[in-house]
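Undergrad: Here it is: the structure, laid out below.
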Amino acid sequence: RGFRMSLSKSSYNYNRKTWEEADFPILCETCLGNNPYMRMVKDKFGAECKICERPFTNFRWQPGKGARYKKTELCQTCAKIKNVCQTCMFDLEYGLPVQVRDHALQITDDLPKEGVNRDYFVQNQERMLSHTDGTTPGGALANIGTDTASAAHDYLKRIARTTPYYKRNAPHICSFFVKGECKRGEECPYRHEKPSDPDDPLSNQNIRDRYYGTNDPVADKILNRAKAMPSLQPPDDKSVTTLYVGGLGPEGAINEKDLRDFFYQYGELRSLNVLGPKGCAFVTYTTREAAEMAAERSFNRINIKNRRLTIRWGIPQAQKGNTTGGEGRPINPVPSLPTTSFPVPESLRPSGSKRPSDSPFVAPPAKLVVPSVAPGKGRGGAGPSGSRIYYPSQDPQRLGAKGDVLEDD
């Protein structure tokens, strides 16, 4: 009996040593919030990890005004194995679910999920992570080849968000308000809104599925949206070798050198014109093959200085003159307006008209231009400087008008 007690005591002491202590959590920018002056509550060994079930140091905070209180759900060892946030379990580098990242990187990470195998795996990973600087991920992410990582990096950057999504920190919907029984009013910390779709699959999310990257509805939604993303088709005119680059931001944020260093890798540049006040640029290649390669590899993928740029094909000047207005805005054709001139029907032609029957129909002017010529004093009517509105038809000596002369006021 004493031998069994000593074994249990040694096992307890060993497990107690593996409890995790931390001074600050591992969080993404979205969960951290936009408030630079934030207060966190630290609870040593105050929660159990949802994956390895070990006690760890728990943190609780409010990301911003009007947001719900958030807390860490995973221990730091489990977060480092998957390189995810301790709260939302999204990837720290791309801000995407684990299932999306593993799909792009072609990772098949079969981690043990229960029992002694899981505890043994976590202990080995913790031992390996202790020999690193703390920024190196563990698990299958540490064994990814450079070629696979570089090929998937562009794809993940293209579908990832460029800014934090703080709406994810909004309070949950008040269930009492949905049933019409909430009596807190404005003091209720939950949202007083009706759910848009009660059968939405996003309402059924699981922490373990999110962590292991299986059956995640958020990941399925992002992957389906990525499949439906449009592609940039080259124009039929083979002489077009110019690309439009938009979204440069304020003047000077991205200069000509930054664009030249990026686009020169696809071929020789003929010219590069940066329009700073308009936040765009035009890149012209010497060959059509280089322009098509640059358009294909940079469309929805280019990211310079943390700015996602827009890539479009340039419009030739001849075509631009026919499809744009005086201010450079595209003019859409009017569906009900005929594009050609038609002769006036005989039934609508006035009697005694000398116009030939095959003459085209001339539409009346859209705006009648009235000359700003006012009669002098003595001709009636107030001039342009008077208080009355003057029309040329008010002058009896002009336009064949007849009647009494208007007196000055």
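Here the Cβ of each residue, glycine as well, is placed from N, Cα and C on the backbone.
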Undergrad: In TrEMBL, which of 104-126, 173-195, 219-241 is tagged zinc finger?
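TA: So the range that TrEMBL calls zinc finger is 173-195.
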Undergrad: What is the three-state DSSP composition of the zinc finger (173-195), stated as helix, strand and coil residue counts?
TA: 7 helix, 2 strand, 14 coil
Undergrad: Using DSSP, tally how many residues of the domain 'RRM' (241-316) sit in helix, strand and coil.
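TA: Split by secondary structure, the domain 'RRM' (241-316) comes out as 22 helix, 26 strand, 28 coil.
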